[in-house]
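Chemist: Mind having a look at this structure? Questions to follow.
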There are 2 protein chains.
Amino acid sequence: MKVVRSIAELRAALAGRRDDGVGLVPTMGALHEGHLSLVRAARAESGTVVMSIFVNPTQFDEPTDLAAYPRTEEADVARAAEAGVDIVFAPTAAEMYPRGFASTVSVSGVLTESLEGAQRGRAHFDGVATVVLKLLLAALPDTAYFGAKDAQQVAVVRRMVADLGVPVALRVCPTSRDVDGLARSSRNVRLSAEERARAVAVPRALDAVTDAVARGIRDSTVLVAIARDVLEAADTAVEYVAIVHPDSFESVAMIEGPALVALAVRLGDTRLIDNALLTPGGA
Amino acid sequence: MKVVRSIAELRAALAGRRDDGVGLVPTMGALHEGHLSLVRAARAESGTVVMSIFVNPTQFDEPTDLAAYPRTEEADVARAAEAGVDIVFAPTAAEMYPRGFASTVSVSGVLTESLEGAQRGRAHFDGVATVVLKLLLAALPDTAYFGAKDAQQVAVVRRMVADLGVPVALRVCPTSRDVDGLARSSRNVRLSAEERARAVAVPRALDAVTDAVARGIRDSTVLVAIARDVLEAADTAVEYVAIVHPDSFESVAMIEGPALVALAVRLGDTRLIDNALLTPGGA
(Lines of atoms letter the chains of each structure in order from A; the text may use other names.)
(Lines give C-alpha, C1' and ligand atoms only; values in the text may rest on other atoms or scores of the structure.)
Protein backbone atom coordinates (compact mmCIF):
# COMPACT_ATOMS: atom_id res chain seq x y z
CA MET A 1 0.00 0.00 0.00
CA LYS A 2 1.17 3.50 -0.90
CA VAL A 3 0.74 6.59 1.26
CA VAL A 4 0.76 9.84 -0.73
CA ARG A 5 0.64 13.41 0.54
CA SER A 6 -0.04 15.52 -2.53
CA ILE A 7 -2.65 15.62 -5.27
CA ALA A 8 0.13 15.30 -7.86
CA GLU A 9 1.44 12.12 -6.19
CA LEU A 10 -2.08 10.72 -5.95
CA ARG A 11 -2.66 11.27 -9.67
CA ALA A 12 0.72 9.74 -10.49
CA ALA A 13 -0.10 6.71 -8.32
CA LEU A 14 -3.45 6.30 -10.12
CA ALA A 15 -2.05 6.69 -13.64
CA GLY A 16 -2.42 3.39 -15.49
CA ARG A 17 -4.55 1.90 -12.68
CA ARG A 18 -7.96 3.07 -13.87
CA ASP A 19 -9.01 0.16 -16.09
CA ASP A 20 -10.72 -1.88 -13.38
CA GLY A 21 -12.27 1.11 -11.68
CA VAL A 22 -11.21 3.39 -8.85
CA GLY A 23 -13.14 3.49 -5.58
CA LEU A 24 -12.67 6.36 -3.10
CA VAL A 25 -13.44 6.13 0.61
CA PRO A 26 -13.18 9.66 2.06
CA THR A 27 -12.46 9.68 5.81
CA MET A 28 -11.20 11.95 8.55
CA GLY A 29 -9.12 9.07 9.94
CA ALA A 30 -9.61 7.62 13.43
CA LEU A 31 -10.75 4.56 11.54
CA HIS A 32 -13.31 2.20 13.00
CA GLU A 33 -15.30 -0.73 11.70
CA GLY A 34 -17.67 1.65 9.89
CA HIS A 35 -14.86 2.94 7.70
CA LEU A 36 -13.63 -0.59 7.10
CA SER A 37 -17.08 -1.65 5.92
CA LEU A 38 -16.83 1.11 3.30
CA VAL A 39 -13.43 -0.22 2.26
CA ARG A 40 -14.89 -3.72 1.87
CA ALA A 41 -17.68 -2.35 -0.33
CA ALA A 42 -15.11 -0.47 -2.43
CA ARG A 43 -12.81 -3.51 -2.58
CA ALA A 44 -15.63 -5.67 -3.96
CA GLU A 45 -16.35 -3.23 -6.82
CA SER A 46 -13.06 -1.52 -7.69
CA GLY A 47 -9.70 -2.54 -9.09
CA THR A 48 -8.04 0.20 -7.05
CA VAL A 49 -9.22 1.46 -3.66
CA VAL A 50 -8.15 4.91 -2.48
CA MET A 51 -8.80 6.06 1.08
CA SER A 52 -8.40 9.73 1.90
CA ILE A 53 -7.54 10.68 5.46
CA PHE A 54 -7.98 14.39 6.05
CA VAL A 55 -9.35 16.14 9.12
CA ASN A 56 -10.87 19.01 7.18
CA PRO A 57 -10.62 22.18 9.27
CA THR A 58 -13.18 24.12 7.24
CA GLN A 59 -16.08 21.90 8.24
CA PHE A 60 -15.54 22.23 11.99
CA ASP A 61 -17.66 24.90 13.60
CA GLU A 62 -16.02 24.51 17.01
CA PRO A 63 -12.26 24.94 17.37
CA THR A 64 -12.38 22.67 20.44
CA ASP A 65 -14.04 19.91 18.41
CA LEU A 66 -11.36 20.25 15.74
CA ALA A 67 -8.59 20.20 18.33
CA ALA A 68 -10.09 17.19 20.12
CA TYR A 69 -10.84 15.23 16.95
CA PRO A 70 -8.88 11.96 17.30
CA ARG A 71 -5.81 11.70 15.05
CA THR A 72 -4.35 8.22 14.84
CA GLU A 73 -2.63 8.15 11.48
CA GLU A 74 -0.14 5.39 12.15
CA ALA A 75 -2.84 2.99 13.30
CA ASP A 76 -5.14 4.16 10.49
CA VAL A 77 -2.53 3.40 7.83
CA ALA A 78 -2.04 -0.11 9.28
CA ARG A 79 -5.78 -0.80 9.35
CA ALA A 80 -6.24 0.58 5.84
CA ALA A 81 -3.49 -1.72 4.53
CA GLU A 82 -5.00 -4.70 6.28
CA ALA A 83 -8.46 -3.90 4.89
CA GLY A 84 -7.14 -3.88 1.35
CA VAL A 85 -6.71 -0.17 0.57
CA ASP A 86 -4.25 0.37 -2.31
CA ILE A 87 -3.50 4.07 -1.83
CA VAL A 88 -3.92 6.27 1.23
CA PHE A 89 -4.15 9.97 0.35
CA ALA A 90 -3.28 11.89 3.52
CA PRO A 91 -2.68 15.51 2.55
CA THR A 92 -1.75 18.39 4.82
CA ALA A 93 -4.10 21.34 5.21
CA ALA A 94 -1.56 23.41 3.25
CA GLU A 95 -1.81 20.97 0.33
CA MET A 96 -5.59 21.18 0.30
CA TYR A 97 -5.85 24.91 1.07
CA PRO A 98 -2.71 26.62 -0.18
CA ARG A 99 -2.05 30.33 0.36
CA GLY A 100 -4.58 32.42 -1.52
CA PHE A 101 -7.22 29.68 -1.59
CA ALA A 102 -10.51 31.50 -2.19
CA SER A 103 -13.06 29.06 -3.62
CA THR A 104 -16.14 27.66 -1.92
CA VAL A 105 -18.82 25.27 -3.11
CA SER A 106 -22.18 25.97 -1.48
CA VAL A 107 -25.45 24.12 -1.62
CA SER A 108 -28.32 26.42 -0.70
CA GLY A 109 -31.73 25.82 0.79
CA VAL A 110 -33.35 23.73 3.51
CA LEU A 111 -30.89 20.91 2.85
CA THR A 112 -28.00 22.91 4.29
CA GLU A 113 -29.91 25.28 6.59
CA SER A 114 -31.78 22.71 8.67
CA LEU A 115 -30.66 20.29 11.42
CA GLU A 116 -26.85 19.98 11.17
CA GLY A 117 -26.75 23.19 9.13
CA ALA A 118 -28.75 25.06 11.77
CA GLN A 119 -26.69 23.60 14.63
CA ARG A 120 -23.27 23.91 13.09
CA GLY A 121 -23.72 27.00 10.93
CA ARG A 122 -23.62 27.67 7.22
CA ALA A 123 -19.85 27.16 6.94
CA HIS A 124 -20.12 23.49 7.97
CA PHE A 125 -21.73 22.19 4.78
CA ASP A 126 -19.79 24.66 2.63
CA GLY A 127 -16.67 23.06 4.10
CA VAL A 128 -18.02 19.57 3.44
CA ALA A 129 -19.09 20.27 -0.16
CA THR A 130 -15.83 22.01 -1.00
CA VAL A 131 -13.53 19.35 0.44
CA VAL A 132 -15.51 16.46 -1.04
CA LEU A 133 -15.42 18.09 -4.48
CA LYS A 134 -11.65 18.56 -4.10
CA LEU A 135 -11.19 14.93 -3.10
CA LEU A 136 -13.36 13.74 -5.99
CA LEU A 137 -11.42 15.89 -8.48
CA ALA A 138 -8.10 14.73 -7.02
CA ALA A 139 -8.86 11.00 -7.36
CA LEU A 140 -11.54 11.09 -10.12
CA PRO A 141 -12.97 7.83 -8.76
CA ASP A 142 -15.62 5.84 -10.57
CA THR A 143 -17.39 5.36 -7.24
CA ALA A 144 -17.20 7.08 -3.85
CA TYR A 145 -18.38 5.44 -0.63
CA PHE A 146 -20.14 7.12 2.27
CA GLY A 147 -21.74 5.89 5.46
CA ALA A 148 -25.47 6.37 6.04
CA LYS A 149 -24.84 7.79 9.53
CA ASP A 150 -24.00 11.19 8.05
CA ALA A 151 -27.28 11.28 6.15
CA GLN A 152 -27.49 15.03 5.69
CA GLN A 153 -23.87 15.23 4.56
CA VAL A 154 -24.57 12.47 2.05
CA ALA A 155 -27.64 14.34 0.77
CA VAL A 156 -25.56 17.53 0.38
CA VAL A 157 -22.84 15.64 -1.50
CA ARG A 158 -25.45 13.95 -3.69
CA ARG A 159 -27.00 17.33 -4.55
CA MET A 160 -23.59 18.89 -5.28
CA VAL A 161 -22.48 15.97 -7.45
CA ALA A 162 -25.75 16.03 -9.42
CA ASP A 163 -25.80 19.83 -9.78
CA LEU A 164 -22.22 20.20 -10.94
CA GLY A 165 -22.21 16.98 -12.96
CA VAL A 166 -19.24 15.44 -11.16
CA PRO A 167 -18.62 12.16 -13.00
CA VAL A 168 -18.83 9.76 -10.04
CA ALA A 169 -21.31 7.23 -8.67
CA LEU A 170 -22.11 7.49 -4.95
CA ARG A 171 -22.66 4.45 -2.79
CA VAL A 172 -24.20 4.86 0.64
CA CYS A 173 -23.45 1.94 2.95
CA PRO A 174 -25.49 1.02 6.05
CA THR A 175 -24.44 2.56 9.34
CA SER A 176 -22.07 0.26 11.21
CA ARG A 177 -23.20 -0.32 14.80
CA ASP A 178 -21.82 -1.73 18.04
CA VAL A 179 -23.64 -4.81 19.41
CA ASP A 180 -25.93 -2.62 21.51
CA GLY A 181 -26.85 -0.58 18.44
CA LEU A 182 -24.76 2.59 18.95
CA ALA A 183 -23.58 3.90 15.59
CA ARG A 184 -19.83 3.68 15.25
CA SER A 185 -18.23 7.12 15.22
CA SER A 186 -14.72 8.43 15.68
CA ARG A 187 -16.12 10.66 18.39
CA ASN A 188 -17.33 7.69 20.51
CA VAL A 189 -13.85 7.30 22.03
CA ARG A 190 -14.45 10.57 23.83
CA LEU A 191 -17.41 9.17 25.80
CA SER A 192 -16.81 8.21 29.42
CA ALA A 193 -17.95 4.71 30.41
CA GLU A 194 -21.02 6.20 32.02
CA GLU A 195 -21.82 8.32 28.94
CA ARG A 196 -21.23 5.31 26.68
CA ALA A 197 -23.81 3.36 28.68
CA ARG A 198 -26.39 6.16 28.32
CA ALA A 199 -25.58 6.58 24.60
CA VAL A 200 -27.56 3.44 23.81
CA ALA A 201 -30.63 5.65 24.16
CA VAL A 202 -29.79 7.04 20.69
CA PRO A 203 -30.37 3.81 18.72
CA ARG A 204 -33.23 2.92 21.09
CA ALA A 205 -34.95 6.19 20.29
CA LEU A 206 -34.65 5.42 16.58
CA ASP A 207 -35.96 1.89 17.16
CA ALA A 208 -38.89 3.31 19.11
CA VAL A 209 -39.80 5.53 16.16
CA THR A 210 -39.39 2.68 13.68
CA ASP A 211 -41.64 0.47 15.85
CA ALA A 212 -44.25 3.22 16.15
CA VAL A 213 -44.32 3.62 12.36
CA ALA A 214 -44.74 -0.16 12.05
CA ARG A 215 -47.71 0.11 14.44
CA GLY A 216 -49.30 2.63 12.10
CA ILE A 217 -48.35 5.98 13.65
CA ARG A 218 -47.81 8.53 10.87
CA ASP A 219 -47.86 11.89 12.65
CA SER A 220 -44.34 13.29 12.95
CA THR A 221 -45.19 15.28 16.06
CA VAL A 222 -46.08 12.05 17.85
CA LEU A 223 -43.05 10.21 16.50
CA VAL A 224 -40.66 12.99 17.52
CA ALA A 225 -42.15 12.99 21.03
CA ILE A 226 -41.58 9.24 21.29
CA ALA A 227 -37.90 9.68 20.40
CA ARG A 228 -37.46 12.64 22.74
CA ASP A 229 -38.93 10.66 25.64
CA VAL A 230 -36.35 7.91 25.18
CA LEU A 231 -33.47 10.37 24.82
CA GLU A 232 -34.48 12.54 27.76
CA ALA A 233 -35.06 9.52 30.00
CA ALA A 234 -31.36 8.76 29.48
CA ASP A 235 -30.53 12.35 30.38
CA THR A 236 -29.04 13.28 26.99
CA ALA A 237 -29.22 16.89 25.84
CA VAL A 238 -31.31 16.76 22.70
CA GLU A 239 -30.28 19.20 19.95
CA TYR A 240 -32.93 18.07 17.51
CA VAL A 241 -35.14 15.19 16.53
CA ALA A 242 -36.75 15.65 13.13
CA ILE A 243 -38.59 13.71 10.47
CA VAL A 244 -37.56 14.83 7.02
CA HIS A 245 -37.45 13.82 3.38
CA PRO A 246 -34.23 11.80 2.95
CA ASP A 247 -33.03 13.79 -0.10
CA SER A 248 -34.32 17.33 0.40
CA PHE A 249 -34.41 17.37 4.22
CA GLU A 250 -37.72 19.21 3.99
CA SER A 251 -39.88 18.57 7.07
CA VAL A 252 -42.37 15.75 6.79
CA ALA A 253 -45.51 16.33 8.87
CA MET A 254 -47.23 13.05 8.10
CA ILE A 255 -45.35 10.00 6.89
CA GLU A 256 -46.73 8.90 3.56
CA GLY A 257 -43.59 8.19 1.54
CA PRO A 258 -39.87 7.90 2.21
CA ALA A 259 -38.83 9.65 5.39
CA LEU A 260 -35.85 9.83 7.67
CA VAL A 261 -35.80 10.32 11.41
CA ALA A 262 -32.63 12.21 12.27
CA LEU A 263 -31.37 13.32 15.64
CA ALA A 264 -28.47 14.94 17.43
CA VAL A 265 -27.71 14.83 21.15
CA ARG A 266 -24.95 15.84 23.46
CA LEU A 267 -23.56 13.57 26.11
CA GLY A 268 -21.17 15.65 28.17
CA ASP A 269 -18.79 17.24 25.67
CA THR A 270 -19.53 14.77 22.91
CA ARG A 271 -22.02 15.33 20.15
CA LEU A 272 -23.64 12.27 18.57
CA ILE A 273 -25.84 12.06 15.50
CA ASP A 274 -27.81 9.16 14.09
CA ASN A 275 -30.76 8.47 11.81
CA ALA A 276 -33.02 5.76 10.48
CA LEU A 277 -35.02 5.44 7.28
CA LEU A 278 -38.74 5.03 7.90
CA THR A 279 -40.72 2.88 5.52
CA PRO A 280 -44.43 3.23 6.21
CA GLY A 281 -45.32 0.54 3.69
CA GLY A 282 -43.08 -2.01 5.45
CA ALA A 283 -39.48 -2.55 4.42
CA MET B 1 -19.56 17.96 -36.81
CA LYS B 2 -21.99 16.82 -34.12
CA VAL B 3 -24.34 19.09 -32.19
CA VAL B 4 -25.32 17.68 -28.79
CA ARG B 5 -27.80 19.09 -26.27
CA SER B 6 -27.19 17.10 -23.10
CA ILE B 7 -24.21 16.32 -20.88
CA ALA B 8 -24.87 12.61 -21.39
CA GLU B 9 -24.74 12.99 -25.19
CA LEU B 10 -21.56 15.05 -24.91
CA ARG B 11 -19.88 12.36 -22.84
CA ALA B 12 -21.05 9.67 -25.24
CA ALA B 13 -19.70 11.67 -28.20
CA LEU B 14 -16.33 12.05 -26.43
CA ALA B 15 -16.02 8.39 -25.40
CA GLY B 16 -13.12 6.82 -27.26
CA ARG B 17 -11.98 10.20 -28.63
CA ARG B 18 -9.71 11.22 -25.76
CA ASP B 19 -6.38 9.78 -26.87
CA ASP B 20 -5.20 12.81 -28.82
CA GLY B 21 -6.51 15.30 -26.33
CA VAL B 22 -9.75 17.22 -25.95
CA GLY B 23 -9.85 21.01 -26.24
CA LEU B 24 -12.86 23.01 -25.00
CA VAL B 25 -13.79 26.49 -26.24
CA PRO B 26 -16.57 27.81 -23.98
CA THR B 27 -18.69 30.50 -25.67
CA MET B 28 -22.04 32.22 -25.35
CA GLY B 29 -22.48 31.97 -29.12
CA ALA B 30 -22.83 35.01 -31.41
CA LEU B 31 -19.48 33.87 -32.73
CA HIS B 32 -16.98 36.33 -34.11
CA GLU B 33 -13.36 36.16 -35.21
CA GLY B 34 -12.24 36.18 -31.55
CA HIS B 35 -14.01 32.89 -30.87
CA LEU B 36 -12.67 31.42 -34.10
CA SER B 37 -9.10 32.31 -33.06
CA LEU B 38 -9.71 30.21 -29.91
CA VAL B 39 -10.93 27.33 -32.08
CA ARG B 40 -7.75 27.57 -34.19
CA ALA B 41 -5.61 27.42 -31.07
CA ALA B 42 -7.58 24.39 -29.84
CA ARG B 43 -7.44 22.74 -33.29
CA ALA B 44 -3.64 23.03 -33.33
CA GLU B 45 -3.27 21.27 -29.96
CA SER B 46 -6.17 18.84 -29.64
CA GLY B 47 -7.39 15.71 -31.40
CA THR B 48 -10.97 16.67 -30.61
CA VAL B 49 -12.31 20.22 -30.32
CA VAL B 50 -15.51 20.89 -28.38
CA MET B 51 -17.22 24.26 -28.45
CA SER B 52 -19.92 24.99 -25.93
CA ILE B 53 -22.58 27.53 -26.82
CA PHE B 54 -24.62 28.55 -23.79
CA VAL B 55 -25.93 31.98 -22.90
CA ASN B 56 -25.64 31.46 -19.16
CA PRO B 57 -28.50 33.29 -17.43
CA THR B 58 -26.89 33.20 -13.97
CA GLN B 59 -24.03 35.50 -14.93
CA PHE B 60 -26.20 38.30 -16.28
CA ASP B 61 -26.88 41.05 -13.76
CA GLU B 62 -29.29 42.89 -16.06
CA PRO B 63 -32.35 41.09 -17.46
CA THR B 64 -32.33 43.51 -20.41
CA ASP B 65 -28.74 42.56 -21.23
CA LEU B 66 -29.67 38.87 -21.11
CA ALA B 67 -32.71 39.45 -23.30
CA ALA B 68 -30.72 41.55 -25.79
CA TYR B 69 -27.73 39.20 -25.92
CA PRO B 70 -27.44 38.14 -29.57
CA ARG B 71 -28.51 34.55 -30.28
CA THR B 72 -27.49 33.28 -33.69
CA GLU B 73 -27.22 29.53 -33.23
CA GLU B 74 -27.72 28.46 -36.83
CA ALA B 75 -24.95 30.74 -38.07
CA ASP B 76 -22.78 29.81 -35.07
CA VAL B 77 -23.04 26.11 -35.84
CA ALA B 78 -22.06 26.74 -39.47
CA ARG B 79 -19.05 28.86 -38.46
CA ALA B 80 -17.99 26.31 -35.84
CA ALA B 81 -18.09 23.51 -38.43
CA GLU B 82 -16.10 25.60 -40.90
CA ALA B 83 -13.51 26.45 -38.23
CA GLY B 84 -12.93 22.77 -37.47
CA VAL B 85 -14.97 22.17 -34.32
CA ASP B 86 -15.79 18.47 -33.86
CA ILE B 87 -18.61 18.72 -31.31
CA VAL B 88 -20.86 21.66 -30.43
CA PHE B 89 -22.38 21.35 -26.97
CA ALA B 90 -25.45 23.62 -26.93
CA PRO B 91 -27.49 22.76 -23.85
CA THR B 92 -30.74 24.34 -22.73
CA ALA B 93 -30.91 26.21 -19.43
CA ALA B 94 -33.02 23.33 -18.08
CA GLU B 95 -30.21 20.86 -18.90
CA MET B 96 -27.65 23.00 -17.09
CA TYR B 97 -29.88 24.05 -14.19
CA PRO B 98 -32.54 21.39 -13.67
CA ARG B 99 -35.33 21.77 -11.09
CA GLY B 100 -33.88 21.79 -7.59
CA PHE B 101 -30.45 23.02 -8.68
CA ALA B 102 -28.90 24.52 -5.56
CA SER B 103 -25.09 24.57 -5.94
CA THR B 104 -22.86 27.58 -6.42
CA VAL B 105 -19.12 27.92 -6.77
CA SER B 106 -17.82 31.21 -5.37
CA VAL B 107 -14.41 32.79 -5.44
CA SER B 108 -14.07 35.34 -2.64
CA GLY B 109 -11.96 38.45 -2.24
CA VAL B 110 -10.81 41.42 -4.27
CA LEU B 111 -10.68 39.27 -7.40
CA THR B 112 -14.47 39.01 -7.54
CA GLU B 113 -15.42 42.15 -5.60
CA SER B 114 -13.55 44.73 -7.69
CA LEU B 115 -14.18 46.17 -11.19
CA GLU B 116 -16.58 43.80 -13.00
CA GLY B 117 -17.58 42.31 -9.63
CA ALA B 118 -18.34 45.76 -8.22
CA GLN B 119 -20.22 46.86 -11.35
CA ARG B 120 -22.15 43.67 -12.02
CA GLY B 121 -22.64 42.39 -8.46
CA ARG B 122 -21.49 39.32 -6.58
CA ALA B 123 -23.75 36.94 -8.52
CA HIS B 124 -21.95 37.64 -11.80
CA PHE B 125 -18.70 35.84 -11.00
CA ASP B 126 -20.55 33.15 -9.00
CA GLY B 127 -22.49 32.49 -12.20
CA VAL B 128 -19.29 32.44 -14.26
CA ALA B 129 -17.39 30.13 -11.88
CA THR B 130 -20.31 27.73 -11.54
CA VAL B 131 -21.07 27.42 -15.24
CA VAL B 132 -17.40 27.10 -16.23
CA LEU B 133 -16.92 24.33 -13.66
CA LYS B 134 -20.00 22.56 -15.01
CA LEU B 135 -18.72 22.84 -18.59
CA LEU B 136 -15.27 21.59 -17.55
CA LEU B 137 -16.78 18.62 -15.70
CA ALA B 138 -19.10 17.85 -18.62
CA ALA B 139 -16.32 17.73 -21.23
CA LEU B 140 -13.32 16.95 -19.00
CA PRO B 141 -11.06 18.63 -21.57
CA ASP B 142 -7.28 18.48 -21.40
CA THR B 143 -7.19 22.18 -22.27
CA ALA B 144 -9.74 24.99 -22.19
CA TYR B 145 -9.36 28.19 -24.22
CA PHE B 146 -10.31 31.70 -23.14
CA GLY B 147 -9.85 35.13 -24.67
CA ALA B 148 -7.73 37.75 -22.90
CA LYS B 149 -10.47 40.39 -23.29
CA ASP B 150 -12.32 38.96 -20.30
CA ALA B 151 -9.24 39.23 -18.12
CA GLN B 152 -11.01 39.26 -14.77
CA GLN B 153 -13.19 36.31 -15.73
CA VAL B 154 -10.07 34.42 -16.78
CA ALA B 155 -8.41 35.23 -13.44
CA VAL B 156 -11.50 33.99 -11.56
CA VAL B 157 -11.56 30.77 -13.59
CA ARG B 158 -7.82 30.30 -13.06
CA ARG B 159 -8.26 30.72 -9.28
CA MET B 160 -11.22 28.32 -9.19
CA VAL B 161 -9.44 25.68 -11.27
CA ALA B 162 -6.32 25.88 -9.09
CA ASP B 163 -8.26 25.93 -5.80
CA LEU B 164 -10.52 22.99 -6.62
CA GLY B 165 -7.85 21.07 -8.51
CA VAL B 166 -9.86 20.77 -11.73
CA PRO B 167 -7.67 18.64 -14.01
CA VAL B 168 -7.44 21.02 -16.99
CA ALA B 169 -4.86 23.35 -18.51
CA LEU B 170 -6.03 26.87 -19.32
CA ARG B 171 -4.85 28.74 -22.41
CA VAL B 172 -5.46 32.45 -22.67
CA CYS B 173 -5.35 33.71 -26.27
CA PRO B 174 -4.72 37.33 -27.29
CA THR B 175 -7.73 39.59 -27.71
CA SER B 176 -8.92 39.62 -31.29
CA ARG B 177 -9.35 43.17 -32.64
CA ASP B 178 -10.93 44.94 -35.59
CA VAL B 179 -8.51 46.85 -37.84
CA ASP B 180 -9.01 50.06 -35.83
CA GLY B 181 -8.18 48.20 -32.62
CA LEU B 182 -11.65 47.70 -31.11
CA ALA B 183 -11.77 44.38 -29.28
CA ARG B 184 -14.17 41.97 -30.93
CA SER B 185 -17.20 41.31 -28.79
CA SER B 186 -20.63 39.81 -29.40
CA ARG B 187 -22.06 43.02 -27.95
CA ASN B 188 -20.44 45.20 -30.67
CA VAL B 189 -23.33 44.45 -33.03
CA ARG B 190 -25.51 46.55 -30.75
CA LEU B 191 -23.47 49.72 -31.37
CA SER B 192 -24.91 52.30 -33.76
CA ALA B 193 -22.58 53.48 -36.54
CA GLU B 194 -21.92 56.66 -34.59
CA GLU B 195 -21.22 54.73 -31.35
CA ARG B 196 -18.99 52.30 -33.25
CA ALA B 197 -16.91 55.26 -34.47
CA ARG B 198 -16.53 56.63 -30.93
CA ALA B 199 -15.72 53.13 -29.55
CA VAL B 200 -12.22 53.35 -31.00
CA ALA B 201 -11.45 55.54 -27.98
CA VAL B 202 -11.33 52.32 -25.93
CA PRO B 203 -8.26 50.76 -27.60
CA ARG B 204 -6.76 54.26 -27.98
CA ALA B 205 -7.04 54.81 -24.24
CA LEU B 206 -5.22 51.53 -23.65
CA ASP B 207 -2.57 52.48 -26.21
CA ALA B 208 -2.12 55.84 -24.50
CA VAL B 209 -1.47 54.09 -21.18
CA THR B 210 0.92 51.59 -22.79
CA ASP B 211 2.80 54.48 -24.44
CA ALA B 212 2.96 56.40 -21.18
CA VAL B 213 4.43 53.37 -19.41
CA ALA B 214 6.98 53.04 -22.23
CA ARG B 215 7.90 56.72 -21.60
CA GLY B 216 8.61 55.85 -17.98
CA ILE B 217 5.41 56.87 -16.20
CA ARG B 218 4.79 54.47 -13.30
CA ASP B 219 2.17 56.23 -11.18
CA SER B 220 -1.22 54.59 -11.65
CA THR B 221 -3.09 57.80 -10.81
CA VAL B 222 -1.41 59.53 -13.73
CA LEU B 223 -1.94 56.56 -16.05
CA VAL B 224 -5.62 56.27 -15.16
CA ALA B 225 -6.08 60.01 -15.82
CA ILE B 226 -4.48 59.59 -19.26
CA ALA B 227 -6.95 56.83 -20.15
CA ARG B 228 -9.93 58.75 -18.77
CA ASP B 229 -9.02 61.81 -20.84
CA VAL B 230 -9.10 59.76 -24.04
CA LEU B 231 -12.37 58.04 -23.11
CA GLU B 232 -14.11 61.21 -21.97
CA ALA B 233 -12.97 63.13 -25.05
CA ALA B 234 -14.94 60.56 -27.06
CA ASP B 235 -17.93 61.13 -24.81
CA THR B 236 -18.06 57.57 -23.44
CA ALA B 237 -19.47 57.00 -19.94
CA VAL B 238 -16.55 55.57 -18.00
CA GLU B 239 -17.49 52.91 -15.43
CA TYR B 240 -13.94 52.31 -14.32
CA VAL B 241 -10.33 52.51 -15.36
CA ALA B 242 -7.99 50.64 -13.03
CA ILE B 243 -4.47 49.35 -12.86
CA VAL B 244 -4.34 46.01 -11.10
CA HIS B 245 -2.29 42.88 -10.63
CA PRO B 246 -3.23 40.54 -13.52
CA ASP B 247 -3.88 37.52 -11.26
CA SER B 248 -5.19 38.93 -7.98
CA PHE B 249 -6.79 42.13 -9.32
CA GLU B 250 -5.37 43.95 -6.29
CA SER B 251 -4.81 47.65 -7.03
CA VAL B 252 -1.35 48.60 -8.19
CA ALA B 253 -0.34 52.13 -7.13
CA MET B 254 3.04 52.20 -8.82
CA ILE B 255 3.93 49.89 -11.68
CA GLU B 256 6.96 47.85 -10.76
CA GLY B 257 6.00 44.39 -11.97
CA PRO B 258 3.25 42.80 -14.03
CA ALA B 259 0.16 44.98 -14.22
CA LEU B 260 -3.02 45.20 -16.20
CA VAL B 261 -4.93 48.30 -17.20
CA ALA B 262 -8.60 47.35 -17.32
CA LEU B 263 -11.56 49.52 -18.21
CA ALA B 264 -15.29 49.49 -18.78
CA VAL B 265 -17.35 52.12 -20.56
CA ARG B 266 -20.87 52.55 -21.78
CA LEU B 267 -21.72 53.80 -25.23
CA GLY B 268 -25.46 54.31 -25.31
CA ASP B 269 -26.98 51.04 -24.09
CA THR B 270 -23.89 48.98 -24.79
CA ARG B 271 -21.24 48.16 -22.23
CA LEU B 272 -17.70 47.51 -23.47
CA ILE B 273 -14.71 46.20 -21.56
CA ASP B 274 -11.10 45.92 -22.58
CA ASN B 275 -7.65 45.64 -21.04
CA ALA B 276 -3.94 45.61 -21.80
CA LEU B 277 -0.97 44.08 -20.03
CA LEU B 278 1.62 46.66 -19.00
CA THR B 279 5.27 45.66 -19.03
CA PRO B 280 7.39 48.36 -17.42
CA GLY B 281 10.63 46.60 -18.34
CA GLY B 282 9.70 46.63 -22.04
CA ALA B 283 7.87 43.72 -23.69
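Placed from the backbone N, Cα and C atoms, the Cβ positions cover glycine too.
Checked TrEMBL, it gives:
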BINDING   B:28-35, B:147-150, B:184-187  ATP binding site
ACT_SITE  B:H35  active site, proton donor
BINDING   B:Q59, B:Q153  (R)-pantoate binding site
BINDING   B:Q59  beta-alanine binding site
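Give me the local environment of each listed feature.
Modeler: Remark: B:H35 (active site, proton donor) has B:V25, B:T27, B:M51, B:G147 as non-local neighbours, by Cβ distance under 8 Å and separation of at least 6 in sequence.
Note on B:Q59 ((R)-pantoate binding site): other Cβ atoms within 10 Å of its Cβ, all shown chains, come to 20.
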Chemist: Quick one: Cα separation, B:A30 (ATP binding site) versus B:Q59 ((R)-pantoate binding site), in Å?
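Modeler: Just about 17 Å between their Cα atoms.
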Chemist: Which three-state DSSP class does B:A30 (ATP binding site) fall into?
Modeler: coil
Chemist: Quick one: Cα separation, B:Q59 ((R)-pantoate binding site) versus B:K149 (ATP binding site), in Å?
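Modeler: B:K149 (ATP binding site) has its Cα 17 Å from the Cα of B:Q59 ((R)-pantoate binding site).
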